[in-house]
Amino acid sequence: METVNVNLGKRSYPIYAGPGILQDLGELLGGLPVGRKVLLISNPTVFSLYGEKAAESLARAGFTVAVAEIGDGEEHKTLATAGRLYDRAFEAGLDRRSSIVALGGGVVGDVAGFVAATYMRGISFVQVPTTLLAQVDSSVGGKVAVNHPRGKNIIGAFYQPRLVLADVDTLKTLPVRQMRSGLAEVIKYGVIWSREFFAWLEQNIEALLNGEAGALAYAVRESCRIKAQVVEQDETEQGLRAVLNYGHTVGHAVEALTHYRVYTHGEAVGIGMAVEAGLAVALGMLKRSEGGRIIRLIRQAGLPEGLPEGLPPEKTVEKFYHDKKAVEGQLTFVLPERIGRAVVKNGLAKNFLLEFLSAGYGLLERGAGRV
């Protein structure tokens, strides 16, 4: 078991990563000054696979465990779902010293974290992510939220977990599509932060797709290490942390315009990273050769790289204005300057973006990856 620490003063916490560590959940939580009541939140699929092991580990450590299940998918990430979880927390007798444990992917973690942040003004929260995307991204950094009909993650908070436990053995049961989806966020870290990690991914993408435990453990640990470094410097996204949104301005627009029914989050981010790499090339910020490497790796991961056919540029750009990063009508994109470094770009003109998208995003050839 490897440990990555997120150093945030009184809100610091460890990320434990490795194979076969779910059985240690109770012992690790028991080492913290928390009460003995726990609400374990999961979805039916994950709970059927790992719920009993997690609950038994908590019970062995002296915790009284109540269970709540929520549906899987973005359509369940709502205030209505949160309301049902508040009811379950009251029924289970949770008080201000109790804990909520999220066992599942990003939706479970986001909703459970939002409930933990707001129940009795905040109780202890533990992330036990079981998808690659959640292990490398959504479980780390304290972003918790539910969706609103007008936008994704509009209702939320920054609320750090007490610990994160990422057992890479849970990835063995992950469908191939979800594994590829998680790789989008892994690739993101290489593009925005570490040229060396990006090069490692180019050499090891097949091993990751084949589920090789050693490669997965390294990718999870390195991704968490990079995200921890960013979060430590900018916990509440006032500046630097915005680079973690590379691929997400376009990605969120794609998700919304396809009603969250066509693409997984990671697939949408893959499209976003490809389009935004093309945008960086069109602006003269990124070398065409570097853009080509980014597109090739996205394709090798089995992720989509082009906007959906028939998606009107006008509607796409309009969705950009609903993005949380847009401030006072100014659009904000995170664009790579080179592999290993990304910057925040503000104030791109609407007409330029319309031209860019209408032309098949400029210097980026749709579906070809030649930039």
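Keep in mind that glycine also has a Cβ here, set from the backbone N, Cα and C atoms.
Annotated features in Swiss-Prot:
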BINDING   72-77, 106-110, 130-131, Lys143, Lys152, 170-173  NAD(+) binding site
BINDING   Glu185, His248, His265  Zn(2+) binding site
Subject >> Candidate with sparsest Cβ neighbourhood (10 Å radius) among Gly106, Gly109, the listed binding-site residues >> reply: Gly106
**OP:** Show which residues of the chain containing His265 (Zn(2+) binding site), separated from it by at least 6 in sequence, have their CB under 8 Å from its CB.
**Re:** Glu74, Gly106, Leu133, Ser181, Gly251, Glu255
Subject >> CB contacts for His248 (Zn(2+) binding site) [other CB atoms within 10 A, all chains] >> reply: 25
**OP:** Could you tell me which three-state DSSP class Asp72 (NAD(+) binding site) falls into?
**Re:** coil
Subject >> Env. residues of Zn(2+) site, Cβ within 8 Å of mean position of Glu185, His248, His265 Cβ >> reply: Leu133, Asp137, Ala184, Lys188, Gly247, Gly251, Gly266, Ala268, Val269, Gly272
**OP:** Go through Asp72, Glu75, Glu185, our binding-site residues, and report the one whose Cβ sees the most other Cβ atoms within 10 Å.
**Re:** Glu185
Original post:
Which of Thr131, Thr170, Thr173 has the fewest nearby Cβ atoms, counting only those within 10 Å, among these binding-site residues?
Top reply: Thr173
**OP:** Give the distance between the Cα atoms of Thr170 (NAD(+) binding site) and His248 (Zn(2+) binding site), rounded to the nearest whole Å.
**Re:** 26
**OP:** With H, G and I counted as helix, E and B as strand and the rest as coil, say where DSSP puts Thr173 (NAD(+) binding site).
**Re:** helix
Original post:
Just the number: how many Å between the Cα atoms of Thr131 (NAD(+) binding site) and His248 (Zn(2+) binding site)?
Top reply: 19
